[in-house]
Amino acid sequence: MSESVFPVSPSVAEKSLLTNEQYQSLYQESIDNPEQFWAEQAKRLNWFTPFDKIKNTSYQPNQVSINWFEGGELNASVNCIDRHLPQKANQTALIWEGDEPTQDQKVTYQQLHDEVAKLANGLRKLGVGKGDTVAIYMPMICEAVYIMLACARIGAVHSVIFGGFSPNAIADRIVNCNAKLIVTADEGKRGGRSIPLKQNVDEALARKDVTTIEHCLVFKHLSSQINWDDKLDIWAHELTHDMPAVCEPEVMKSEDPLFILYTSGSTGQPKGLLHTTAGYLLYSALTHKYVFDYQEGDIYWCGADVGWITGHSYIVYGPLANGATQVIFEGIPTYPTASRIGDVVDKHQVNILYTAPTAIRALMAKGDEAYATNKRTSLRILGSVGEPINPEAWEWYYKNIGNSQCPIVDTWWQTETGGIMITPLPGATDLKPGSATRPFFGIKPALVNSDGRILEGEASGNLAILDSWPGQARTIYGDHERFEQTYFSTYKNMYFTGDGARRDKDGYYWITGRVDDVLNVSGHRLGTAEIESSLVAHTSIAEAAVVGYPHDIKGQAIYAYITPVEGVEMTDELIKQIRDWVKTDLSPIACPDKIQWALGLPKTRSGKIMRRILRKIATNEHDQLGDTSTLADPSVVDDLIKNCKN
Ligand code: 6R9
């Protein structure tokens with residue numbers, strides 16, 4: 001494979017925070033003396049009480065426990081707001097850009113402070129306090145940031161549910177995290193389409209097993225018509241109307257929970273990853289500063305949604321802890337036209353742009369529409385996250401969005417890691433399109449083969465991390481055993497990421513994608529088991545198996561094999577019904593792209609579905625099925641190939 005290299009240009013090096021030599025020496029120090037390194041970095045935060053132990057972590061079987069900065073006390077909202085006020089009260093913190101190009105709003109750090117304080121007081125009035133869980137289901141508006149920080153201010157644990165999830169998925173998450181309050185808006189807007197947020201919440205709350213919610217707090221965003229329950233529903237503006245704009249922050253211990261965030265794993269139940277206060281905040285702030293080379297005065301824009309970890313770490317906690325000015329965007333890259341990203345960059349003079357390969361590929365497909373009518377000369381750094389970026393998309397992004405002037409930081413990380421783990425640093429790292437390059441400070445990646453042996457030098461294997469870092473998730477909420485099982489049992493004394501990777505002769509990492517049953521559709525993580533359990537909940541489906549197949553824009557698309565219950569005939573109408581069912585049961589992003597009616601699925605004699613075979617059929621590699629002799633009934637394969645939809 002021929003690889004192109006884009007060396008750090010002298011003009012970029014000159015303007016950047018770190019050179020290659022500085023990266024190397026800091027990295028070495030972070031590995032050789034982690035405690036000293038992290039104690040020094042922890043000075044970036046404001047502490048009420050200094051910590052007395054830096055690192056206390058174990059990956060030992062049955063004893064997995066991760067603690068950083070024990071003894072320390074702080075508050076995340078104070079670190080993201082109050083401490084900036086002496087110098088930055090009038091600096092813009094948030095630039096909101098609405099779904100329509102005519103809509104925008106600027107919020108200063110003082111205003112951010114006041115809004116968060118009023119809401120925090122309001123939450124306390126509702127009886128929400130330290131340790132209570134608050135579910136948040138919001139559009140991308142400033143109020144989403146306010147409510148997250150208001151929770152952090154009073155020590156409540158937020159659990160943000162992505163606005164693209166359907167009522168059932170909302171209900172599952174509320175039940176799992178025992179939320180006392182749910183916060184939403186009347187409606188959201190994306191790409192000109194309305195998202196009925198309050199209505200979805202109403203439907204979720206109607207489910208019988210949802211018993212913990214005491215109130216639904218509603219922000220008025222579009223003044224839409226919504227149903228109202230006087231006992232349950234509360235308008236946010238009415239709640240905060242009389243509240244003072246000062247609010248005493250709760251004193252939190254370093255390891256007190258900050259938030260729970262659900263993500264897909266290889267079983268049906270989504271996992272609520274728990275992140276705690278000090279380590280997470282420090283790690284998101286440090287990575288935000290160095291990976292994006294954030295400097296005073298920069299305008300930064302992360303296009304993610306706050307419903308995902310990228311929104312938590314690189315819209316809320318990292319940038320605000322660093323006192324940044326940032327754009328938050330309610331819309332989508334292709335609305336009203338594919339020039340929107342570049343238009344917003346020009347309009348707000350954005351210097352740093354962080355987006356996802358799927359967005360880049362969607363723009364690429366529109367020819368020159370994305371860049372013909374805007375200039376983007378303010379840009380200095382580009383970022384990519386969520387899935388492997390193919391070299392063609394990388395080069396297109398570099399040339400057409402970045403005018404061949406801006407380094408691209410291809411950042412590999414996960415909900416579980418809290419912050420960026422493998423990434424270039426703009427002034428320090430020569431770039432290779434498609435490679436996430438080198439580890440961040442304090443991160444020791446390893447490639448491991450199937451026997452658990454660590455591979456040296458140039459190699460391909462499963463990606464594991466050898467030691468703890470401050471941003472790491474501490475547990476799966478309510479199920480520490482599953483946490484140990486999922487991440488620490490595959491390889492002894494290592495954190496297993498679920499990804500495969502290759503390391504080249506320069507020590508650069510190339511992430512090859514998931515090695516478990518997790519799909520990555522347009523950068524969204526989806527477990528095949530979740531989609532399967534939604535499918536079999538449909539009355540005409542007896543059994544379902546879901547696999548991914550390559551897709552030009554989404555990266556991966558969803559292929560479902562379905563066995564009907566006796567007597568059910570496949571019709572176009574039924575297929576449509578099934579697709580709609582998954583959309584409303586789980587989420588529109590989980591809706592299968594292709595559905596194949598299968599009279600039988602390839603199973604081993606012990607009854608396990610052999611997905612390897614289904615993957616090959618869905619990707620049209622019918623001649624590479626490998627050994628099918630262990631199947632209970634090898635003849636099902638011929639039938640599957642005959643009816644393949646790809
Ligand atoms: C931050 C985020 C995590 C999974 C991860 C991997 C994939 C993310 C990537 C990447 C290659 C990158 N992934 N960034 N693969 N290159 N730069 O996306 O978190 O939603 O938990 O997904 O996404 O497969 O394991 P999350």
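Every residue, even glycine, has its Cβ placed from backbone N, Cα and C.
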Candidate sharing the ATP site with Gly386, Glu387, Pro388, Asp410, Thr411, Trp412, Trp413, Gln414, Thr415, Arg514, Arg525 (per TrEMBL), from Asp430, Asp499, Asp504: Asp499
Residue distribution over DSSP helix, strand and coil in the domain 'Acetyl-coenzyme A synthetase N-terminal' (23-80): 26 helix, 15 strand, 17 coil
Alpha-carbon distance [His538 (Mg(2+) binding site); Gly192 (CoA binding site)] in Å: 31
Where the C-beta lies under 6 angstroms from ligand 1, the matching recorded positions among Gly191, Gly386, Ser522, His538, Ile541, Lys608: Gly386
Pairwise CA distance, Gly191 (CoA binding site) versus Thr411 (ATP binding site), rounded so that it is a whole Å: 27
Neighbours of Ser522 (CoA binding site) among the binding-site residues Gly386, Arg514, His538 (Cα to Cα, within 10 Å): Gly386
Whole-number Å value for how far Arg193 (CoA binding site) lies from Pro388 (ATP binding site) (Cα to Cα): 29
Secondary-structure category, per DSSP, in which Arg514 (ATP binding site) falls: strand
Packing count at Arg190 (CoA binding site) (other Cβ atoms within 10 Å of its Cβ): 17
